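Step one of this worksheet: look at the structure below.
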Amino acid sequence: MSEKYVVTWDMLQMQARKLAHRLLPADQWTGIIAVSRGGLVPAALLARELGIRHVDTVCISSYDHDNQREMKVLKRAEGDGEGFIVIDDLVDTGGTAKAIREMYPKAHFVTIFAKPAGRPLVDDYVVDIPQDTWIEQPWDMAVTFVPPIGGR
């Protein structure tokens, strides 16, 4: 990955609210399935905005920090996804998205961020990201003290 796109908490909340508006009316949804771990925070934000209390998870491991590796399903929500929003933070190459589509063919699959290779696999997303860009999510970063340049 040659570029980095840094996401702040404020940016993430704003993008999640945009996505929530597109998912109205809220009463059409039975619940939300968060793709762990990237979809956990966006799922919480959507659940709040849409007033949805039924939140489940599907746990798929496909990344090790910045390296993709073999996909492994650790836990899945029951059913075919009918009436559910499935959310992940991003769709990249589409590997996870393809697995989600197979597991939940009737779900409405959304992400906050989408790269070109994965865009056709989601029903909706908010932000276009170039394929060669790494997304730094706010939950992966920490605020640290930086000493003044002048030394005081």
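Note that the numbers count up from 1, one per residue, in the order the chain is shown.
Any Cβ shown, glycine's included, is placed from N, Cα and C.
According to Swiss-Prot, the protein carries these features:
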BINDING   R37, G38, R69, D88, D89, L90, V91, D92, T93, G94, G95, T96  5-phospho-alpha-D-ribose 1-diphosphate binding site
BINDING   R69, D92, T93, G94, G95, T96, W134, I135  GMP binding site
BINDING   D89  Mg(2+) binding site
BINDING   D92, I135  xanthine binding site
BINDING   D92, I135  guanine binding site
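Feature map: annotations from Swiss-Prot on the structure.
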residue : record                                              : Cβ within 10 Å
R37     : 5-phospho-alpha-D-ribose 1-diphosphate binding site : 17
D89     : 5-phospho-alpha-D-ribose 1-diphosphate binding site : 24
V91     : 5-phospho-alpha-D-ribose 1-diphosphate binding site : 28
D92     : GMP binding site                                    : 25
T93     : 5-phospho-alpha-D-ribose 1-diphosphate binding site : 15
G94     : GMP binding site                                    : 19
G95     : 5-phospho-alpha-D-ribose 1-diphosphate binding site : 18
T96     : GMP binding site                                    : 25
W134    : GMP binding site                                    : 13
I135    : GMP binding site                                    : 20
Cα-Cα distance linking I135 (GMP binding site) and G95 (5-phospho-alpha-D-ribose 1-diphosphate binding site), given in Å to the nearest integer: 17
I135 (GMP binding site) versus V91 (5-phospho-alpha-D-ribose 1-diphosphate binding site) - Cα distance in angstrom: 11
Alpha-carbon spacing, D89 (5-phospho-alpha-D-ribose 1-diphosphate binding site) to I135 (GMP binding site), which is rounded to whole Å: 10
T93 (5-phospho-alpha-D-ribose 1-diphosphate binding site) to I135 (GMP binding site) - Cα separation in whole Å: 13
Minimum Cα separation from R37 (5-phospho-alpha-D-ribose 1-diphosphate binding site), reported as the residue among binding-site residues G94, T96, I135 that achieves it: T96
Where W134 (GMP binding site) sits in the secondary structure, as DSSP reduces it to three classes: strand
